[in-house]
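Each remark here refers to the structure printed beneath this line.
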Amino acid sequence: MPCERKPMRYGHSEGHTEVCFDDSGKFIVTCGNDGDVRIWEGLDDDDPKFITVGEKAYSLALKNGKLVTASSNNTVQIHTFPDGDPDGILTRFTTNATHVVFNSSGSRVAAGSSDFMVKVVEVSDSSQQKTLRGHEAPVLSVTFDPKDDFLASASCDGSVVVWNIEEQSQLISWPVLQKTNDISNAKSLCRLAWQPGTAKFLAVPVETKVHLYERGSWDHVSTLSDDLQTQLINVVAWSPCGQFLAAGSVGGSLTVWDVNSKLCVERQKHEKGFTVCSLAWHPSGSQIVYTDTEGCLGLLDGLSTSTSNTNTTKAPAKKAAKDYDDLFDDDDDDRLMDEGLSETNSPVKKPITGDDDDDDDDFLMPATGRVRNRGAILDDENSLGELGVLYIGQNLPLGEEGGISYVVVPAAAPLVPMRPVYEGPMPTAPQKAFQPGSTPAHLTHRFMMWNSVGIVRGYNDEQDNAIDVEFHDTAVHHAMHLTNSLGHTMADLSQEAVLLACPSTDELASKLQCLHFSSWDTNKEWMVDLPEGEDVRALCLGQGWAAVATSALMLRLFSIGGIQREIFSLPGNVVCMVGHGEQLLIVYHRAPGFDGEQALGVQLLQFGRKKRQLINGEPLPLSLQSHLSWLGFTAEGTPCYVDSVGVVRMLNRSLGNTWTPVCNTRETCKSKSDHYWVVGIHENPQQLRCIPCKGSRYPPTLPRPAVAILPFKLPLCQTSTEKGQMEEQFWRSVLFHNHFSFLSSSGYEIDEDGQSQTQKEQQELLMKMFALSCKLEREFRCVELAELMTQNVVTLAIRYASRSRRMALAQRLSEIALEKANQIQEEEPEEQEEEPEYSGVRRTSGNRRDREEEEEQAEELREEEEDGQEMETEEAAETTKRQFHLFSSTLFANVLMGYVQVLGSGKPSSSSGLPRVTNILDNMTSSRKSSPLSRSAGIPSKGPVLKPLAPRPKTKTQSTLLQMNGTKAASKKTPENTQPAADQQKQPEVPPPASPADNTENNRPKTGFQFWLEENRKSITADQPDLEETDIIKEAMGRFRTLSAEERLSWTERAKGQTGDAADLKKRKRAGGGAENDNGQVEADENSSKKKKSLDPSSKLSAFAFNKN
């Protein structure tokens, strides 16, 4: 019985798969782990119809136009065939059903379940049920007696039981199987089969053999075995005539026995050796279809099982055994002629005639085509030639005409070349194109798009074929109801338009339709026909443009008004694509994947004034044996995607456009069958917006699903420890705020409040990690953390190290701080070129933020002068340069006094009645100037709010310019005031009240710089008489910086002498409080509280670094 083994093809996702023929044999029907039932018109059908029955489909049975399935929602459902319309639920179990079968007439269905029960249900009336209880473990398989009296079942408890259906009782039980606790652990599925027609034998696979039990007596009457069958048999199936029994094994071997002669008549092997988990005979008996545990589908063709005329039985040609000596050394080649014989290469079959003259060279073979013991023939080359005539006929079924039959085969049949067998990894079926945010197209009610703008629903049933568009924000547009006369299957939605597309038909071309509802003219709709033979595969909308990827590997761009724009070729078949603003993200197949993997590539383009390709064909990383399930942008414009395993990945622009996993939705699922359907991602605040789907991968349209918010978590190591938690929070904050620098570089206005809050959080986490490392005596780790800090926080770390008596660490940190200062000095020239423009913009704002920056800067200068002497007496003075003492003390005092305020938990502008200038240019300029500092610190770009903290001439100049703004405003209010600008600092300003600290800071004594400026103003104006007031301040600041530390201290002493130094010292000895009589006392009180806070060694780091007073 030589047959042709067809190549395997992809049927379902990896997992248990079942197969059967329909009654006519026209269709092959399969179900699998993906929850679909697929209806194939043949093995070559590339577009099978499919019915989704649940999250997973465990078993199916088909009879009389009724399709019964066991799915993961613990039900046994019934659908019409081949239409696939739901026809109700037959029965339910407490866990999933494992196997379903029809009886011979199709009037009853039996189902076995993991809850140890077997149920027999009437198809016409599902309330008529019989429950068979007695198994002590999950049921593996069930089968009906063809005469409908009995039912046999196999279970993980090791028993095979025959039941009397009507009495619901056990007749007999055979303990022939190995015991297990669950089907997933069972070594064999033990799929039983009852001989059709006569119902004489029940076939039970037991290890490597098949036991035959006789109906009625229930005796073990026979065993079918094969010397070459060494693997556990998983499933058995009878041919429609009842003469042949096919078996599929765990190792992939397929064996067919003639039950009457007990001879093995066919051996085949799965091309990759995967477990065969289901078998079915064609109603004609000429084909066997089978599936494996990888979801693939295979077919054996050319079988001959006729019992009425054995003349039709095919016999293989035998050749000299020496040609095949090596074939049987390897398990993969344990058959004689089974490796893919095609009809054209089959040996000649001679019909048997009564008067056929046999030549001497001819020899006779059994009609079964196989000798029982193949080894006897192979051992002796001549044994075959001397065999003569083998008669069989004693075991022919009753009613057979003629007792003896044989087949004549010419000995000189031409050699059949063996087809080479590929044993490597098998290619994966490529993922089909889809629209992110849509549910499968075969559903009658489906989501065509769900994104951050709104929801597009499609309805295609008997009553209506329509599309509903609903907006989350009705201010964008009111809801729309569209008639879907063209049969659109794809949609996208933006703030400007709705884009729809339909596939081509025999009569009509593929069409693209756009409803431009934001247009100001009356014609808001346009349509485009694609060229013949070109279909839309994916589409998306951006800001002012639309993109369409087609089956011709083309990408076509259109303006939102309908103008055709650029067109370019894609490197492979598109999978999906999305747009956001000026960005277009495309994912396509770059190559075939193997062993369940998808080989996808990604392109990212930006359509600004300068069109550019940011990512060019890089591979898209996916989890093992997964596919892409969602693609999109965050609300802030960062590309991200989700794979079928539930891992969310986001583009890390600061690390060379790499993809970082930021969440695994499976970790929050309660059940294996639960999933999250992602609809949007926000970076600030960090939110993953998705819809929980219980027992399915996507939500139903009704009732309206509720959106849940999941947190993000980077998969760092040891996140249960304090160190791991802080590291995860820090790097997640860095990743999720890369968008600030991208948006500002692209010309967008950024949220400065959010940016400064982020800076504060990151530096706070770094200082906490620094303190933890100090506590663990990991000083090298402390230095590594300092590399990530900003300049002022490094100074804070130096103070913490010196208080902790870690002088070697303080020394190394001081070197890092000096290095950071030098980097800033090198970057100054470029920034100073931009200074006039920036100052001009800032000068127009004149709100409380500017005043606070002015006060911060004045405070910095004063602290520098006051702390200079103290730093020389500290323990760190031996190892730290004098220049750095001044530098670091300035920053440290600044951090202690105003760090939280400047980094913006409570931004001054929030309580101010004056509006801040929201010019995009302002945002772009400020963010770009701060970027060199942030890059040197190893963290994302920071906003302009941090600039006053940096001790460099540029920022001090800027601060002084802001002081001048405030001074000019004050001089306008008091025209009689004719003092120099610096002297006006003594006059109290009245900004909007915010806190007591603000009110006291306005009454400040003169600083050393102000005294120096008074005495040197004339010389500056004499040298450069054309300078304006702001330029004089700049020049003065630069000259004052060039003075030595001793000279600056002397000016500081002079300033203190004139502002009541004695009163200051008294104030310092008191803890604060008392009446604030003059400016000197107020300032001393402030400094007193600051010094106490910083010098208290028992205070915790978080309070030490970040708490407000």
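Numbering starts at 1 and runs along the chain as displayed.
Just so you know, glycine gets a Cβ as well, placed from its N, Cα and C.
Counting only same-chain residues 6+ beyond the ends of the repeat 'WD' (9-41), those with a CB under 8 A from a CB of the stretch are 48-64, 67, 69, 71-72, 79, 81-82, 84, 277-284, 289-298, 428-429, 596, 625, 696-697. Summarising the annotation, TrEMBL assigns repeat 'WD' to 9-41 (among others).
Same-chain residues lying 6 or more positions outside the repeat 'WD' (132-173) and placing a CB less than 8 Å from one of its CB atoms are 95, 98-105, 108, 110-120, 179-183, 185-186, 189-197, 199, 202, 204, 215, 218. Marked as repeat 'WD' by TrEMBL: 132-173 (among others).
Sequence annotations record features per position, and here TrEMBL assigns repeat 'WD' to 233-267 (among others). For the repeat 'WD' (233-267), the DSSP-based tally of helix, strand and coil residues reads 0 helix, 23 strand, 12 coil.
Annotation comment: TrEMBL describes 307-326 (among others) as region 'Disordered'.
TrEMBL lists 331-361 (among others) with the feature region 'Disordered'.
Per TrEMBL, the feature region 'Disordered' maps to 821-880 (among others).
The compositional bias 'Acidic residues' annotation in TrEMBL covers 825-837 (among others).
The compositional bias 'Acidic residues' annotation in TrEMBL covers 852-877 (among others).
Residues or ranges marked as region 'Disordered' in TrEMBL: 924-1109 (among others).
The compositional bias 'Low complexity' annotation in TrEMBL covers 926-936.
Positions annotated as compositional bias 'Polar residues' by TrEMBL: 956-968 (among others).
Among the features that TrEMBL reports, compositional bias 'Polar residues' is placed at 976-987 (among others).
Each residue in the DNA-binding region (1002-1056) has a pLDDT score, and their mean in this model is 80. Summarising the annotation, TrEMBL assigns DNA-binding region to 1002-1056.
Under DSSP, residues within the compositional bias 'Basic and acidic residues' (1031-1056) fall into helix, strand and coil as 24 helix, 0 strand, 2 coil. If you look up TrEMBL, you'll see 1031-1056 marked as compositional bias 'Basic and acidic residues'.
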